[in-house]
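Taken from TrEMBL, the feature domain 'ATP-dependent RecD2 DNA helicase OB-fold' covers 8-78. Summarising the annotation, TrEMBL assigns domain 'ATP-dependent RecD2 DNA helicase-like helix-hairpin-helix' to 144-234. According to TrEMBL, the feature ATP binding site maps to Gly348, Thr349, Gly350, Lys351, Thr352. Sequence annotations record features per position, and here TrEMBL assigns domain 'ATP-dependent RecD2 DNA helicase SH3' to 565-639. As annotated by TrEMBL, domain 'UvrD-like helicase C-terminal' applies to 657-704.
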Amino acid sequence: MEQRELELVEGTVSVVIYQNEDNGYTILKLDVRDEEVTVVGTMPGVAPGEYLSVRGRWTRHPTYGVQLKAQVVERRLPQGLKEIFHYLSSGAVKGIGKATARLVIEEFGEEALTVIEDDPDQLTKIRGISPKRARQIGEAFRQQMGTRRLVEFLTEHQLPLELAALLHRAYGDVALEVVRANPYLLVNEEFRVEFSQADGLALALGVGHEDPLRLEAGLLFEMAHNNLNNGHTFLPRRKLVEATGVLLEVPCQMLEDCLTTLLDRGEAELERIAGQEAVYLPALHDAEAFIAQRLGEMSASRLLPPDGLDRLIDRIQREQRITYAPQQRQAVELAAERQVMLLTGGPGTGKTTCLRGVLDLFDRMGLETALAAPTGRAAKRLGELCGTEASTIHRLLETGFDPHSGRLVFAKNSYAPLQADAVIVDETSMVDVPLMAALLDALEGDCRLVLVGDPDQLPSVGPGNLFADLIRSKVVPTVRLTEIFRQAAQSAIVRSAHLVNRGELPDLRANDSDFFFLSRRDPQSVLDTVVDLCRRRLPERMGIPADQIQVLSPTRRRGTGTRALNQVLQQALNPPREDKGERRFGDWVFRAGDKVMQVRNNYDILWREEGGTSSGMGMFNGDIGVIRSIQGEIITVDFDGKVVEYTPDMLGELEPAFAVTVHKAQGSEYRAVILAALEGAPMLMTRGVLYTAITRARELFIIVGDQGTVAQMVANDRQTRRYSGLRARLAEGSWTRNE
Ligand SMILES: Nc1ncnc2c1ncn2[C@@H]1O[C@H](COP(=O)(O)OP(=O)(O)OP(=O)(O)O)[C@@H](O)[C@H]1O
């Protein structure tokens, strides 16, 4: 409709002034009758000699003058001798220069492009073109045509043009045919197109409403979506079929038949588990079954404790200058004689102290021990507390990314196991089923494993309810620490966390030394107070600088969600200034000096050490950094000394982090935490969210909001149910059947 208001300009490309290969942004000159017009816009792969129909708007650039900003571009290949010659002699086809272009036109005339694409051997008729070079020219042209058709296809169906490069990388020259044959593959992890969009494309390409291709894609999507977004490892058969029925608007019986086909083909697994007819994606089924089997076996094995274990533990206590509480001593003893154990407890119950004792014991037993945690920040803290190196589980397993499958690959696995006699994992509540399966796969047969964590923290983002399932199965040897140590008990943060966990409201009037409640009833006064705390009160009165304060909210949206908080905090803490670069992305303007967060695991990102020569790959969900500079299209971010350059196509992975959701703060600790607690969807206003927020604070925790909201959160112990078969597999001893 809008297109009618746009100007239409048609002509031949005379010269391409600039072209960005990543996003296709192009500046070119177009011959329009006797005039030359400058056109700018997204036109990937456009070359001189091509004929373009451009619809767009005229703009005036301060330096370059009048330009047409292209919005819709239709391209057709050069026609007629003049256009074809122009095109070939421009260097658009690799292997053909000006002189060769002339000879090709003399020999084949208007058929030149058809010959090059379909029958390049004929090019050998031209003096100087060997059969090898002829084939290379044909190949280069076909490749260009392939990309070009792909781009046209994506444009026509309003799909992001960045997909062209990804699809070409995955399927080479036949990418377009592959997508046409099955548009649903665009939903896969490596392409990330919305299901509704892929479905719309499929229907537009003539796939029937009830075509098995569509039904199968719907079922597989429903499973993958629930694994990723809702943390389920399986779906009950009926739920899966009904939900897919709603998604696709087709009758359930039809989907039942289709599910049978998927099961027959091994693309889904069906098993009766935990009283359910559970349908799994095969990878998750195998991961869950493997964890149950491996941990089941490890739990059954008993090891000979070292001679004089008691004396050893006494010596460790003396060196640590503490006396273990009975539960702690029991934990260290258990670690000596069992191959796997769980160590759990709330804040201040001495988990870390105990973990250090176990590490020391393993050391004295001559065991090489690896320390690991699920996030970079948790690993850093663990390393500092233990005075030794700790890494993320991903790094321990030397995780890489396979661009062809879009999946993770672990260089450490059963064929190349970890060179460790023992592995200790902290913050295990954040570990999901696929990662635990990968870790277990990389352990030597007799390697010990100690899993430490707090089961009342929010569960992992990824599928499974791993840590809580392991504890509740009662199969894995477990020590639960319950005593809060005096030192920790002096902290109102620790006391309040335990109260909340028991469903009791902490005393909000006490305004103790490190736990404060500021009553605010409307969103604007919450925002004002949070800003004032960060900008003035905490830095001036408590000596805590703004960059050591983390603002949290249970929700993204609404008046006190992270979106609104980020707007006001950016304005207050990092206002615009002439020398600060800026770049808009969606509804956010990134500015040099902004605090930002990487919001996806990306194993492909290259970082280099600030001021140093070392570099490495990979940034992880939850990593927080500061924008150092914005120059042109490049945003440079410093993540604690690791410097990363973000190009425009990567900006979807970067979010402002003056305020983040409680879910995103999992596994991180901050000197001071401010929680905005006023409003949010009931599924977000839970006890687990409040508990996790409180336990993120080391020195100071402040709630800004409404007492009634806090009370509701304490009372709301609803845990979103996750379908998972791990507990049942362990408890039923189903792993023994495989022995
Ligand atoms: N046996 C003990 N005797 C005296 N103090 C202890 C003992 N064990 C732990 N503590 C002290 O209790 C406090 C909390 O211990 P620790 O940090 O190990 O707990 P945690 O469970 O890891 O807590 P968090 O989850 O909050 O990190 C620390 O100050 C520690 O020194």
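Counting starts with 1 at the first residue shown.
Glycine is treated like the rest: Cβ placed from N, Cα and C.
Location within the structure of each feature annotated in TrEMBL.
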residue: Gly348; record: ATP binding site; CB count, 10 Å: 23
residue: Thr349; record: ATP binding site; CB count, 10 Å: 24
residue: Gly350; record: ATP binding site; CB count, 10 Å: 23
residue: Lys351; record: ATP binding site; CB count, 10 Å: 21
residue: Thr352; record: ATP binding site; CB count, 10 Å: 16
When DSSP is mapped onto helix/strand/coil, what comes out for Gly348 (ATP binding site)?
coil
Which chain neighbours of the ATP site, leaving out Gly348, Thr349, Gly350, Lys351, Thr352, have a Cβ atom within 8 Å of the mean position of the site's Cβ atoms?
Gly345, Gly346, Pro347, Thr353, Cys354, Leu481, Phe485, Ala488
Under the DSSP assignment, what numbers of helix, strand and coil residues are found in the domain 'ATP-dependent RecD2 DNA helicase OB-fold' (8-78)?
0 helix, 51 strand, 20 coil
